[in-house]
């Protein structure tokens with residue numbers, strides 16, 4: 001009854017203030033204001049411990065959130081383990097052997113359950129953890145709309161087809177982001193998440209051996225640890241300069257033809273995003289602002305709210 005009353009009040013508020021009431025209208029930064037007052041403190045503290053232990057985890061959690069939202073919305077479906085009778089998304093091509101940080105979400109969930117039993121969704125925990133990871137590495141903060149519920153299903157096939165590949169062309173990237181309600185500016189700003197983190201050799205081998213729009217010295221440097229065959233799991237920083245600091249060096253690298261992934265360099269390759277990439281490369285404040293806004297929009301992709309989905313007790317399994 002309380003949930004129904006809240007939904008009615010929010011809908012009335014939307015109408016009263018002239019807002020469009022889409023599926024994300026039920027999300028609110030204060031959703032847990034009474035049911036779990038310490039939520040953000042718990043998430044922040046746990047993420048600080050995780051990132052202090054391994055800086056890369058900030059990028060890993062951000063990637064988990066991206067891969068979650070692009071498959072049937074931000075519903076924590078990526079967190080579900082495979083079982084004998086259930087196929088999740090962890091072994092889809094974009095996630096297998098590369099998606100990581102699940103144990104961090106498990107830790108946060110355990111702490112949140114101890115403080116606020118059966119109140120906070122894994123989807124919201126992931127959304128908050130992604131924000132905290134960015135902030136801890138020097139990036140912008142933003143108010144995370146909350147109130148998502150967790151999916152009881154997952155889709156390996158959707159994960160295989162709806163998450164952009166590192167070999168994607170600019171037109172493919174624009175199309176795949178557009179399909180999620182995100183425009184070209186959102187896409188270019190969100191791609192800046194690659195200013196932190198690492199990539200596996202198998203994702204950029206073709207780029208450093210076959211692409212022509214690449215700085216020769218950069219290609220030579222990357223080939224040293226990514227042979228033409230073998231070494232698939234060898235890692236390289238997505239941003240060669242400051243892989244553990246959230247800044248605009250990613251865009252400076254693109255202008256210098258030092259994008260690690262083919263899909264990265266597609267943003268600056270004589271196409272529609274060149275001017276925006278140049279702008280971000282010289283204006284870090286503009287990038288930070290656009291990235292934060294785009295993260296909110298991405299977090300609003302098809303959330304489960306109201307009586308849809310559930311609040312999982314264990315993020316790895318449906319109740």
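Glycine is no exception: its Cβ is also placed from the backbone N, Cα and C atoms.
Positions annotated as signal peptide by TrEMBL: 1-25. Per TrEMBL, the feature domain 'Plant heme peroxidase family profile' maps to 26-319. The feature disulfide bond is assigned by TrEMBL to 36-116, 69-74, 122-315, 201-226. Annotation source TrEMBL lists active site, proton acceptor at 67. Residues or ranges marked as Ca(2+) 1 binding site by TrEMBL: 68, 71, 73, 75, 77, 89. Look at TrEMBL and you will find 194 tagged as heme b binding site.
Mapped onto this structure are the features recorded in TrEMBL.
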| residue | record | contacts (Cβ under 8 Å, 6+ apart) |
| --- | --- | --- |
| 36 | disulfide bond | 112, 115, 116, 119, 120 |
| 68 | Ca(2+) 1 binding site | 74, 75, 76, 77, 78, 79, 123, 126 |
| 73 | Ca(2+) 1 binding site | 301, 302, 303, 304 |
| 122 | disulfide bond | 76, 79, 105, 109, 150, 312, 315 |
| 194 | heme b binding site | 238, 239, 250, 260, 261, 264 |
| 201 | disulfide bond | 225, 226, 227, 231, 232, 233, 234, 235, 236 |
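Of the chain residues outside the Ca(2+) 1 site list 68, 71, 73, 75, 77, 89, 67, 69, 70, 72, 74, 76, 78, 151, 154, 155, 158, 159 have their Cβ within 8 Å of the site's Cβ mean position. Rounded to a whole value, the Cα-Cα separation of residue 89 (Ca(2+) 1 binding site) and residue 67 (active site, proton acceptor) is 9 Å. The recorded positions listed here are 71, 116, 226, 315; among them, 71 has the most other Cβ atoms within 10 Å of its own Cβ. Using a 10 Å radius centred on the Cβ of residue 67 (active site, proton acceptor) and all shown protein chains, the other Cβ atoms total 21.
Other C-beta atoms found within 10 angstroms of the C-beta of residue 77 (Ca(2+) 1 binding site) number 28, with every protein chain shown included. Neighbour density for residue 69 (disulfide bond): within 10 A of its CB lie 28 other CB atoms from the protein chains shown.
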